[in-house]
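As annotated by TrEMBL, transmembrane segment applies to 112-138, 150-169, 190-217, 223-239, 251-273, 288-305, 331-350, 356-374, 394-413.
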Amino acid sequence: MASMSLRFSPNISSLTNGGNLWRSKHSNKIFSYGSYFATKTSMYQRKNEIEYNLSKLQQPILKNQFKSVEGVSTNEENKKKYIPKAISEESSGSEESIASETKDIVGSVKRFLVALYWFVYPYTMFGRTLSTICASLIAVERLSDISSPLFFIGVLQALLPFTLMDFYVNGVNQLYDYEIDKINKPFLPLPSGAFSFTTAVVITVSSAIMGFLASYIIGSWPLFWGLLSYFLIWSGYSIKGPFLRWKKNPLLAATCIYTNLALIYSISFFYHMKTFVLKRAVVSPKPLMFFVAFMSIYSLGIALFKDIPDIEGDKAYGIQSFATSLGQKKVFWICVSIFESAFGVAILAGLSSSLLWVKLVMGLGNAVLASILWNKAKFVDLSDKASIRSYYMLIWKLLYVAYLLIPLIRFSYV
């Protein structure tokens, strides 16, 4: 029992009260054992406290500097690997910056393309594209010509240089109308600040150079002369200089638009397809004559109408137009009458066809277009620029449909 008391006594006092025998015989040993256990106990407790305090001190440092990763062990008990967290934060930060830069680049490209879209007056470019297709269809003699790859190549050959020249024509006009457009068209790229003046100059000049280069590579003389005429007429229309800036004279301005829409487009595209692409002689140009007649009338209406919404800026900068001279309302109804006359010519041309289906499609189709134009004209508010521009866009949309109907006259002469 005495030995049991020695073995399991929790403190020194119980150990020394175990009996006289042990006190007398082994008092020195008991004291040494007690001192030993007391010393060991206090040292063990002190060691635990030091380790605990050190672990508490190191824990926040480890949290801030290290990241625990499962699966690889430097400490065999928890099988975890600590990787510097600073590296992770730097890599995630660099990924975010790359994603942000990519988003900025994509946004910049989108904004540039939108500005470029408005820089070229898309409705005029789309109209010229349909005019190219219309004149090319009039030039064919057999339906098999349309299914030939040669036909589509010829259309693309006509579209490429003239599309590039569209950028020049619209660009040079906006460059010289910069101050006027601040009043009349503040939404355009230059007055709105979407394009700098330098950017607009670079686009304009490079487009003209590339247009002529494309025409030279293609090698079609009808296209080249048409492109050169297009370049010269619209340069004279827009550029300020001696005997230039033709847009300041209402008669010269109308002549420029008429020559472009009625003659240059139709004749150059027709002869390009007929002589250069299909390699055929021009035998019967009657469909071409009808096309020129229709476009002569319609383009005259466009030439007069286009200045109606711009009357405020034109007056401020001394630009004389029929709208500033005769008044908006009078010029508006003159234009509506001209457009109706053009559709009347198309109806008569359709009715003169020997084919019943051509008579029906061209007659009814153009009659519908004429009625839409007339009915919408009644609701135009001439004091509201938005209302005038909306009707102006309708004029172009009706012309787009007419471009699809005009080639049908070709079947009357096949």
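Positions of Cβ are set from backbone N, Cα and C atoms, glycine also.
The list of residues near the transmembrane segment (251-273) in space but at least 6 beyond its ends in sequence, with Cβ under 8 angstroms from a Cβ of it, reads 128, 131-132, 135-136, 138-140, 151, 154-155, 157-158, 220, 222-223, 225-227, 229-230, 233-234, 236-237, 282, 285, 288, 291-292, 295-296, 298-300, 302-304, 306-307, 321-322.
Distant neighbours of the transmembrane segment (356-374): 336, 339-340, 343-344, 346-347, 349-350, 394-395, 398, 401-402, 405, 408-409, 411-412; these residues of the same chain sit at least 6 beyond its ends, with a Cβ under 8 Å from one of its Cβ atoms. When Cβ-Cβ distances below 8 Å are used as the criterion, the transmembrane segment (112-138) is approached by residues 146, 151, 154-155, 158-159, 162-163, 166-167, 170-171, 174, 187-189, 194-195, 200, 203, 261, 265-267, 269-270, 272-273, 287-288, 291, 295, 393, 396, 399-400, 403-404, 406-407, 409-410 of the same chain, each at least six residues removed from its ends. Below 8 angstroms of C-beta separation, residues 131, 134-135, 138-139, 253-254, 256-258, 260-263, 265-267, 270, 322-323, 331-332, 334-336, 338-339, 341-342, 345-346, 349, 392, 395-396, 399, 402, 406, 409 of the same chain, each at least six residues beyond the ends of the transmembrane segment (288-305), sit close to that stretch. Long-range contacts of the transmembrane segment (331-350) within its own chain (CB-CB distance under 8 A, at least 6 residues past either end) are made by residues 290, 293-294, 297-298, 300-301, 304-305, 307-308, 322-323, 358-359, 361-363, 365-367, 369-370, 373-374, 377, 380, 382, 395, 398, 402, 405-406, 408-409.
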